[in-house]
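*Asks:* Pulled the feature table from Swiss-Prot, pasting it below:
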| type | residues | note |
| --- | --- | --- |
| SIGNAL | 1-21 | signal peptide |
| DISULFID | C49-C63 | disulfide bond |
| DISULFID | C56-C68 | disulfide bond |
| DISULFID | C62-C76 | disulfide bond |
| MOD_RES | V82 | valine amide |
Amino acid sequence: MKVSVLITLAVLGVMFLLTSAEERGSDQMDSPAWLKSMEIIFQSEERECRWLFGGCEKDSDCCEHLGCRRAKPSWCGWDFTVGKWEMLINMNIFRIVFSYSMCTV
């Protein structure tokens, strides 16, 4: 009985030492310098775009689902789309309404 308790305590001690060593190694991964370097990597991959109500000169200046509103001063506004499927649905609805309005005239 005493031997099994000693073996259990020895195993727990070894496990404690291993986990504390892993935690010390992870401190380097969580450091602000490491996070800033990763932030620079991700920013370099992204295209700079202007958010809602940001200034713009053309539609490509604005982020996805935003278009450049030409009212002075020009600003990025929502273009009433959510995704590719939303745009296709809106185009089909426009076609249906337009064809219906042409038939009733």
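Each residue, glycine too, has its Cβ placed from N, Cα and C.
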*Asks:* List which of the recorded positions C49, C62, V82 have their Cα within 10 Å of the Cα of C68 (disulfide bond), in sequence order.
*Replies:* C62
*Asks:* Quickly jot the same-chain residues contacting the signal peptide (1-21) by Cβ under 8 Å, restricted to those at least six beyond its ends, or write none.
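*Replies:* No residues contact the signal peptide (1-21) from elsewhere in the chain.
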*Asks:* What three-state secondary structure does DSSP assign to C56 (disulfide bond)?
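*Replies:* Where C56 (disulfide bond) sits, the three-state DSSP reduction gives coil.
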*Asks:* Taking only C-alpha atoms and a 10 A limit, tell me which of C56, C63, V82 are near C76 (disulfide bond). These are the recorded positions.
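*Replies:* Matched recorded positions: C56, C63, sequence order.
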*Asks:* Taking each of the recorded positions C56, C68, C76, V82 in turn and counting other Cβ atoms within 10 Å of its Cβ, which one has the fewest?
*Replies:* V82
*Asks:* Between C56 (disulfide bond) and C49 (disulfide bond), how far is it from one CA atom to the other, in Å?
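*Replies:* So the alpha carbons of C56 (disulfide bond) and C49 (disulfide bond) sit roughly 9 Å from each other.
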*Asks:* At the level of the C-alpha atoms, what whole-angstrom distance separates V82 (valine amide) and C62 (disulfide bond)?
*Replies:* 15
*Asks:* When a 10 Å sphere is centred on the Cβ of C49 (disulfide bond), how many other Cβ atoms does it contain?
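*Replies:* Taking all protein chains shown, C49 (disulfide bond) has 14 Cβ neighbours within 10 Å.
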*Asks:* So what sits near C63 (disulfide bond) in its own chain, CB-to-CB under 8 Å and at least six residues off in sequence?
*Replies:* C49, R50, W51, L52, C76
